[in-house]
Amino acid sequence: MTPNDLDALLRETRTFAPSEEFRRQANYSDESIYEEAARDPEAYWAKEAEHLTWFQKFESVCRWDPPHAQWFIGGKLNAAYNCVDRHTLNHRKNKAAIIWEGEPGDSRVLTYDMLRREVDKAAHALKQLGVQKGDRVTIYLPMVPELPIAMLACAKIGAMHSVVFGGFSAQALKDRILDAGSKLLITADGGWRRGKVIPLKQNADEAVEGTPIEKVVVVKRVGDAANAPMHAERDVWWHDLIAAAPTKPFPAEPMDSEDYLFLLYTSGTTGKPKGIAHSTGGYLVGVNTSMRTVFDLKDDDVFFCTADIGWVTGHTYIVYGPLSAGATVVMYEGSPDYPDRDRYWAIAEKYGATILYTAPTSIRMFMKWGPQYVEKHDLSTLRLLGSVGEPINPEAWMWYHKYVGQERCPIVDTWWQTETGCAMIAPLPGIVTTKPGSATKPVPGISVDILDDDGNPVPPGHGGNLVITKPWPSMLRTVWGDDERFRKTYFGKFEGIYLPGDGAYRDQDGYYWIVGRLDDVINVSGHRIGTAEVESALVAHPAVAEAAVIGRAHEVKGQAITAFVILKEGQSASDDLVAELKQFVVEQIGAMARPEEIIFAADLPKTRSGKIMRRLLRDIAEGRVVGDTTTLADPAVVEQLKSQYKDQE
Ligand code: PRX
C-alpha cells in the first residue's frame, strides 16, 4: 500500500447500504442466511448442491481428513452437462449462453443449444484423437469461443483441462505441459492484441519439443499459417476436426464428485508453478452458489467478466459459474484500449451488460484515462459491479461507484484465489453495507479468521494471517503430482487450517481488510508472480551472478517488479543489458513478468545466515526510511544500494 492509499483509507469513511430498490429484488436480503449457513455448513452446502443436476445423488456431504476434504461423496455428475445440456431441456434452450466479441469487431453468439452442438462435436473429435477420461489436455488459446468449447468438451469426456494463459512464453507453456503430462495441446495460429498478432502457434511449436505431446489441434483465428506452418504428422486444424466430427449428441461421462475437473497453474514461493487440482462436484457447487449469492444472478442478467479465461477468474466467472447457472456471458477477446479507450463500455452498452466484473488495476487505468470514455456510453443496464484480483484502493472504489455504477450499483469486492475456486470474502449485495476498500465478510458457508504466527486469533485492528478454518466444497484438492507441497504450503503452518498466504485485519464491525501477500509472491496487475520464478529466469542469463526480486508499489499495476542484479565478474552494466535482461525474463515467463526496473548492485542485503532481506529492498525501491538493519551481515550494503538505486533511477 502506498502512503497515498493509506491516506485515502483514513479519509474514506463513507459506507454504502444496499438501496431499497436493490434489496427488494435481491436473491438474498435477509441476514438469516449467514446464521443458517454457520449453524450447519454441511446442510447449507447440501441444499445448494440441489441446484445442480446429479446423475446419482451423493450419499454424504463432507469427509474431512485434514488436509484432504471430500465433498458430495458418492455423487455422480458431469460439469459440461450441468453447464450446457441441461439448459437445452428448458426455457433456456435458445437463450444466449456466450456472446463473444473479437478484438477486430467480429462477433459470435452461441445459444445454449448451439453451444451444446459445438461442445459435442469437439468432444467427439477429441475422443477420436485418443483423449480419455482422466487424461490431461493443455489448452493455449486466445479469448475465442473455441476456448470454453474445448474446456467443456474435455469436461464432457472426463478429461482434465489445463489452460495456460496466452501471455505465457513457450518455456512457461513447456514447463506446464511437462508437469501435467499432457499428450494433446489445443492452440491457435495466433490471437489479436491491440491489432497485432500474438504468435501462439510459434510458441506452441517451440514448447512441445521434448514433451509427451503427440497431437496439436490448431484453431484458425488470424490466418497466420505462413509464420506457423502445420506439421503434417502432428498438427491438425480444429475446423477440419469439427467438420468431420459426428453430429450426434456426445454422452456426458458420469464423473465421481471427487474426480478432478481441471488443473490450473499458479505461482508460489519456489520457482516451480503449482498445478492446482479442482474437483468436479465441490468446485461446481461452490461456483454455482456464488452466482446466486455474491452476484445476485437472475435469468435475464448479462454477465460481463473482463478476465482472461487463462486465469481462475475466467474459469469460474466466464465458464463454470455463469454457464452452470444458465446465464448469458459476454466474452471479449482483446485489449480495453483498442481501437479506443472506451472498448469495455462500448461492449457493455452494445450487449446490455447488467453485471460487470473487473480488476482494480483496470479501474485505476480507467481513472488515469478519465471519465469521458465511460460517459460516452449508456450504461443504464448495469445493476451490479464486481472487483477482484487485489485489494481495491478506496479512490478506485469511489471512481468505479461514481462513473461506472452511476452511484446506483452495489460493488462486490471479492477476495479469493486460484486455490479457493470461488469468492470467499465478499458482500451479499442485498444485505451487506459496503465500505470502500474492504471485501467485507466471508460468504455464507465459509469460516474465516485472522491468526498471529502462533495460531492465536488477533483482536480487531491488528494484522495477521488470513485463514479459512473449515473445509469448503470448491477448495483445491491437491497440488498436481506433489501432495506434500499441498500439505506444506497450505496446511503446514496451522494444523487443519487453510493458509492462503495473505495478510489481513478485521475492523470493529467485523469487516475484513486484505492487506496483500505475506509470502514472496507479487501481485502485478492482479497476476500472481513468484519472486523466485523471476529470479531463476534472471540467473539463467549468462551475465547474471545473483538476483533478488521484489514487488514495489505501483500506481496502476498495484505492484511492479524491481530486480536487483549482481553481474558476473567481467560483465559491465549498460542500458542495453537492462533491455536484454527484461526481454530475457519475458522469454522465460511471459510479458506480465517483465521487470519494471533492473538495478545493478555490487552486493545484496543478507542476514548472517545468507537470506536476502527483501523487506529492505522494498524500503529502498519505495523510497522509505530503511527498516531495521541490525540482523544484516554487512549493514553498509544498504547505504551503498540506496545510492546506487538513486543513481540508476
Ligand atoms: O493476494 C490475494 C489477491 O490475489 C491472490 C490470488 O491470486 P490468484 O490465485 O491469481 O487469483 C486471483 C483472482 C481470484 C490472493 O491471494 N486477491 C484476489 N482478490 C482480492 C485479492 N486481494 C484483495 N482483495 C481482493 N478482492
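Glycine residues also receive a Cβ, built from the backbone N, Cα and C atoms like all the rest.
Record check: TrEMBL places Gly389, Glu390, Pro391, Asp413, Thr414, Trp415, Trp416, Gln417, Thr418, Asp502, Arg528 at the ATP site, and the matching candidate among Arg487, Arg517 is Arg517.
Cα of His541 (Mg(2+) binding site) to Cα of Gly389 (ATP binding site): a span of 31 Å.
For ligand 1, the neighbouring binding-site residues among Lys196, Gly389, Trp416, Thr418, Arg517, Ser525 are Gly389, Trp416, Thr418, Arg517, by Cβ distance under 6 Å.
Taking Cα separation as the measure, Gly389 (ATP binding site) is nearest to Thr313 of the binding-site residues Arg193, Thr313, Val539. Taking the Cα atom of each, Ser525 (CoA binding site) and Thr418 (ATP binding site) are about 15 angstrom apart. Around Val539 (Mg(2+) binding site), taking its Cβ as the centre, 16 other Cβ atoms fall within 10 Å, counting all chains. Taking a C-beta cut-off of under 8 Å and a sequence gap of six or more, Val544 (Mg(2+) binding site) has these contacts in its own chain: Leu538, Val565, Ile566, Leu567, Lys568, Leu581.
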